[in-house]
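A short write-up of the structure that comes next.
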Amino acid sequence: MQNHDLESIKQAALIEYEVREQGSSDVLDSNISKEPLEFIIGANQIIVGLEKAVLKAQIGEWEEIVIAPEEAYGVYESGYLQEVPRDQFEGIELEKGMSVFGQTEDNQTIQATIKDFSNTHVMVDYNHPLAGKTLAFRFKVLGFREVSEEEILASHHDSGTGCCGGHGGHGGKKGGGCGCSCSHG
């Protein structure tokens, strides 16, 4: 086993994984038999609970871990619900549970879920869809590789964008990565 720590960004890990909500047999996301997920250690590109488990894992061995919400996508925050005027969604055929994307004041893309709507208002949920969920991962570390200074610098600019990004654009919480059924390619 190699010795890694979250503060030392010098290597990238390559993993295969599948994730389920604890107690469910439904796979939420998986890259098994697909391209490996690669992330820079310590760059906040995947959820912290999975990153910690990867650092302790044996290369080539399947591991299983249960990750609490606090080390995954955070606890569900009722304060992340917002009622907005329906006219802000003009031209959009709304459905309960649909994902919508917007921009924050600092031009960051943010994902939200339509919880409910009426003729005059829409209830928008800015929690990550997996907030409050305990996740069960099965994963295998395929290997580690050294990263260049350019990759380290780029990871600071990319962190927080997209599914595997640090904050993932999901309410500004720590976390990101694996489990939200996004494309990782």
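Using the three backbone atoms N, Cα and C, a Cβ is placed for every residue, glycine included.
Now, the feature entries from Swiss-Prot:
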BINDING   Cys163, Cys164, Cys178  Ni(2+) binding site
COMPBIAS  164-178  compositional bias 'Gly residues'
DOMAIN    1-99  domain 'PPIase FKBP-type'
REGION    1-74  region 'PPIase first part'
REGION    81-125  region 'IF-chaperone'
REGION    134-156  region 'PPIase second part'
REGION    164-185  region 'Disordered'
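According to DSSP, the domain 'PPIase FKBP-type' (1-99) comprises 19 helix, 32 strand, 48 coil. Using DSSP to sort the residues of the region 'PPIase second part' (134-156) gives these counts of helix, strand and coil: 8 helix, 12 strand, 3 coil.
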